[in-house]
Amino acid sequence: MAIKEKQVQDYGENPIEVRDSDHYQNEYIEGFVEKWDELINWHARSSSEGEFFIKTLKEHGAKRVLDAATGTGFHSIRLIEAGFDVASVDGSVEMLVKAFENATRKDQILRTVHSDWRQVTRHIQERFDAVICLGNSFTHLFSEEDRRKTLAEFYSVLKHDGILILDQRNYDLILDEGFKSKHTYYYCGDNVKAEPEYVDDGLARFRYEFPDQSVYHLNMFPLRKDYVRRLLHEVGFQDITTYGDFQETYHQDDPDFYIHVAKKD
């Protein structure tokens, strides 16, 4: 029987030069995906988020939701359990496989779609009340063209008055003052270190170290909050509310994460 060769992340000779929107395909290898739930810790993340996303979706009358960054299925499964009709999209096959396994263990069946964000409308012809893109996923896009294309795709699959919920790490704080995460939201795993290894205006390279000493990386683009709000507006979203760590009132530099709720008029 052939022994399956262990995958490794490949950033070439100079990792900080890898600034490509398509490179996420090489980052979410099986070993990293298997540890992803250890990083986010479903129970702790559920406690830290509370009912924020469920409450926001219900306030806007949403019933059908497209989870554009399914990952290992955390939000898709929570929303299904809360009664929403969910389609689960991800560009990583490995993530979708893990998400389906996680859902099965909770006696749920995910409706998964493998698709790059920039081509969502090629694979999905339905329209949704809401699109969610969570887990700092949008920062995998390194070019403005890719960001605009992705937001336009999200806009297209939304019904009139539909909403996009998109989050991002507080890169303003990291770029201007350095990294000082409270580690309270999103990445809640015990004894898992998640911190930037290198940062400039075009790259935030994060290092993830697990209790077994295994180390993985992600190269992401450090998006500033006001830039994202401007892009959302220019693509067509008009009513945009930004929350800091699930609070509408926050000090500019305090949150670890921003959550944008943008309405299609």
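Backbone N, Cα and C define each Cβ position, glycine as well.
Listed features, source Swiss-Prot:
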- Y28, W36, R45, A69, D90, D116, W117, L134: S-adenosyl-L-methionine binding site (BINDING)
- N136, R169, Y208: substrate binding site (BINDING)
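Locations of recorded Swiss-Prot features on the structure.
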residue: Y28; record: S-adenosyl-L-methionine binding site; DSSP class: coil
residue: W36; record: S-adenosyl-L-methionine binding site; DSSP class: helix
residue: A69; record: S-adenosyl-L-methionine binding site; DSSP class: coil
residue: D90; record: S-adenosyl-L-methionine binding site; DSSP class: strand
residue: D116; record: S-adenosyl-L-methionine binding site; DSSP class: coil
residue: L134; record: S-adenosyl-L-methionine binding site; DSSP class: coil
residue: R169; record: substrate binding site; DSSP class: strand
residue: Y208; record: substrate binding site; DSSP class: strand
Checking the spread of the substrate site as listed (N136, R169, Y208): what is the longest Cα-Cα distance, in whole Å?
15
Taking N136 (substrate binding site) as the reference, which of A69, D90, D116, W117 (the binding-site residues) have a CA within 10 A of its CA?
A69
Please compare the binding-site residues D90, D116 by how many other CB atoms fall within 10 Å of each one's CB, and tell me which has the fewest.
D116
Taking only same-chain residues 6+ apart in sequence, whose CB is under 8 Å from that of R169 (substrate binding site), what do you get?
N136, T139, A204, D256, F257, Y258
Cα distance (Å, whole number) from W117 (S-adenosyl-L-methionine binding site) to Y208 (substrate binding site)
25
